[in-house]
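Okay, so here's the structure we're looking at.
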C-alpha cells in the first residue's frame, strides 16, 4: 500500500526565513514569508472543474492573479506561476464552527423552520501536502482515534469518474449514488480493524464521508496529503461536530482544486455567497454519508456562521436559508450530559411517532414551527443598540416552550431533564435540549442579572453529577482559512510561526487547541480569514 504512513519527517513543514514558497491556488503570495503582507484574493469563479486530471497543480499565469494590500494600499496586481519542479505546496488550515439549534430541532427534518446559531467551539483541519513520490492520503482524526492511510492509486477512480457518475464541483448533489457508496465501502471498512465495533462504526462513517468527497472532487493525479483534524466540539452531543468536520473537508478539497475565491475584505457579496454555498453543498454530501438523511441545518450554519432560519421542504431543491446577520452575540451555558446518542435513532423515533399518530405529531411539529417563526420576528426587531431585557425574556420563554414540545415527541432524556431542573432551581436562565436529544447537550440562555454566587453553586452541582459545562457564545464566524498555516504572532521582520503538525496533534483539550491555532474566544491571532454573508442576502 505504499508508504504505510505517508508522513513527512518530524511531522512538520519548515521553511527558513527569506525562502520563497511554492504557490498554490489563488491563496498564496510569491513573496518570502518574512515580508509577506496581508493578502486579499482576486479570482475568476469558474477557474477549473474537478474533472481536470491536473486539478491540484498550480494555476498558470493566465489563470489567476493576486492583489496584495500593504498598510491599506493596494499594490499592483501580478500574475502567479511556478515551474513544475517548484517546492511542494505549504500546509494550510481551515476551521468551521459547531452549532446549536436554538429553535426547531426535529421539526426541521419534516419541512418546518429551524433556527441555528454558530458557537465558538470549532473544528480545525490541517492539510499537509506530501512529496510527489508519496502516493498516499492520510486521514488523522486524533480526537476520535482514527488514523488511516490509503494508496491514492488504489482508490476507485474509474467508478467515480465514469461519464454516467461524474459530478463537478458546481453540481448540486441531493442524494448519494449507491454504486459510488459501494465502491468506497471496502476502503472505508479497512479502517481501525483492531478497534471495538462501536468505535469502528464511527470511524467507517467518517472514512466514507472523507473518501466520497475526496473522490468526487479530486482526481487520480492528486498529490499525497495528510488531513489532520482537531476539534473543540464535544462529539455526539448534538453540536454539529460531524457537520463542522464535513465543512472543513469540503472547503479544504475545494481550495486544493482552485474552485474557491477569497475570502478577502473587498470580495463582492454575491461572490462570497457563492463560495459559502459551494462549500455548504459538498459538506451536505459528507453529512449524507454520516447520517443518511440529515436536515442540512448543521452544515449550513457551520459554513456561513452567525445564525440562520432554515427550511427544506423539498430535498430535490436547495433549502430556503434566511441569515440573521443582526443575531446578537449571547453568552450561553452549554452543558454536556455525557450521555451518547445517535441522531439517526432519534430522528427515526419521531418518524415512527408520526406514522402511528400522524395528526397529533403534525400538530406538535407545526407548533414548533410557530415557535421558531416567533423567535425570528423577535430577533429581526432587535435594534443596533442591542437586545432589550424584554426581548431576551421573550426568547427565553420560547426556548422553554420549544423544550416542552420536544419532550412530547419523546426525544428528551432523564439527564437532560435533570439539567433543566437544576438550572430552573438556580433561576439563572431558560433551558432546552439542543440537537437530536436522547442525551447530548442542553443550552441555557442566561439572564443578564444573575448573581455570580448562583452560577458558582450551579456549576458545583453540575460537576458533582458528572455533567460537563462549556462557556460559549452564539453568532460567530463560519468557515475560515489560514493559508499558509502561519500564525501572525511575530513582527514583520520575524514573519510568522508555522504550525508544527506534531504540536497540533498533541495539543491538550480545548484550551490547548485554541492556544495553538487561535480562532476561538480565548485566543485570536491575525491570519485567519472568513467568508462572510452580506446583508443583501438576509
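Placement of Cβ uses the backbone N, Cα and C atoms for every residue, glycine included.
With 231, 236, 237, 238, 239, 240, 241, 242 listed by Swiss-Prot as binding ATP, the candidate from 99, 378, 432 annotated for that site turns out to be 99. Taking the centroid of the Cβ atoms of 99, 231, 236, 237, 238, 239, 240, 241, 242 as the ATP site, the other same-chain residues with Cβ within 8 Å of it are 98, 233, 234, 235, 243, 244, 298, 435. Taking a C-beta cut-off of under 8 angstroms and a sequence separation of 6 or more, residue 240 (ATP binding site) has the following same-chain neighbours: 97, 98, 99, 100, 116, 233, 298, 299, 301, 302, 435.
The record assigns 99, 231, 236, 237, 238, 239, 240, 241, 242 to the ATP binding site, and the maximum Cα to Cα distance across that set is 14 Å.
Just so you know, of the binding-site residues 236, 238, the Cβ with the fewest other Cβ atoms around it within 10 Å is the one at 236.
The Cβ of residue 287 (Mg(2+) binding site) has 26 other Cβ atoms within 10 Å, all protein chains considered.
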